């Protein structure tokens, strides 16, 4: 379960994702679980050389500057960056979750490449920006822009880390300041693993607050609650608890709403819930039909067309592999509704991917179709299963036989592995009825902790109807309760 403020944040982020208005700002805390050090640990060996206690220091930017002043250069500082941040590491579970979402804008003060690597692992193209010249260049086919406002581990000698660099940042990196200011005005940000004592960010947030006063865009930040177990005495715990409260109130000046969590694994739970909720706005239809049972082809196609219309009306995006005898009518209804509503971009509401037919080798074809199915299902949250039969021909006798569609069975298992909500329409018969019975026989496995009301609505999908169009309200009731 999620707390009230967590639920509100999740609702808002899902809405912003649907409208392509969501962005991430990643701080050092997001990369820490991968093994990268925070600023304090990065500078600890250097503070020892300065005979200072890093645990007593709060102004780490000044500490880095002290070291440069004393050593007449930043060579040792650059070496520390190479040693600690230049080491390749794997993205964390949180990076992986974020990379699966349709987030087109990332900002970070981190030098590591975990965001870019996570995007690459998802087959997405990251357009990385960490110099002024990068801002005027656009990577072909990019999926997301990653703004690294403090530099990149590949150029450690240019990384922003000293007080001199921070003070001159608005002058030397003015295009980054302008770009971030624009995104903070037009997008809703989620700040993760971030410390708000960064002078650059403080400067930018202050400028936006002054310009927009009470009309600033709402942003979110996730903080872990100050925990007594982290402190050796009550005095330190009380002090840091009070300080966190002050920071939360101060961030409200910049329209940044802080949402507290008990432990860092709660962050993963929240991101998973956001992903699940977002994906549940995308419905996949699995099905094929060579014969249409007692309903007949005309009534079945009318129902499928109406189903496509209704899902678009309800604000869903639909995905289809254009199954034989099923997909065309379903897609036609959706397209008609999209045009009736004068939506300008069909791709925002509809994804069609026809299965490649002309692959001669059966083994290769099967592997390609499996990969195709995984790709189709990966961005959806609900899978409907309808009918599911096909015709096979005996190569010797030439006799044709109607059999259950094994492809639907594979789509069912892939969808289950990906965590989709599975809705076989048992009343349509064939493979869909078989899959319906499979779920009902082990309902708590497929729908753990579901309400009696949901199960009752689900079971109605198996009730026989004389006209398939009568299934529309039953399907709607099940989806509404998910």
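In case you wondered, yes, glycine gets a Cβ from its N, Cα and C as well.
Per Swiss-Prot, the features are:
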ACT_SITE  150  active site, proton acceptor
BINDING   112, 150  NAD(+) binding site
BINDING   287, 288, 324, 355, 373, 390, 407, 411  3'cADPR binding site
DOMAIN    3-281  domain 'Deacetylase sirtuin-type'
REGION    282-482  region 'SLOG (STALD) domain'
Original post:
How many Å separate the Cα atoms of residue 407 (3'cADPR binding site) and residue 150 (active site, proton acceptor)?
Top reply: 49
Original post:
Could you give the mean pLDDT over the domain 'Deacetylase sirtuin-type' (3-281), rounded to a whole number?
Top reply: 92
Original post:
So for residue 150 (active site, proton acceptor), how many other CB atoms are inside 10 Å of its CB?
Top reply: 20
Original post:
Which one of the binding-site residues (287, 407) has its C-beta surrounded by the most other C-beta atoms within 10 angstroms?
Top reply: 287
Subject >> Alpha-carbon distance [residue 150 (active site, proton acceptor); residue 355 (3'cADPR binding site)] in Å >> reply: 45
Original post:
Taking the centroid of the Cβ atoms of 287, 288, 324, 355, 373, 390, 407, 411 as the 3'cADPR site, which other residues of that chain lie with their Cβ within 8 Å of it, listed in sequence order?
Top reply: 286, 321, 323, 388, 405, 408
Original post:
Using DSSP, would you call residue 390 (3'cADPR binding site) helix, strand or coil?
Top reply: strand
Subject >> Under 8 Å by Cβ from residue 324 (3'cADPR binding site), counting only residues of that chain that are 6 or more apart >> reply: 288, 289, 290, 390
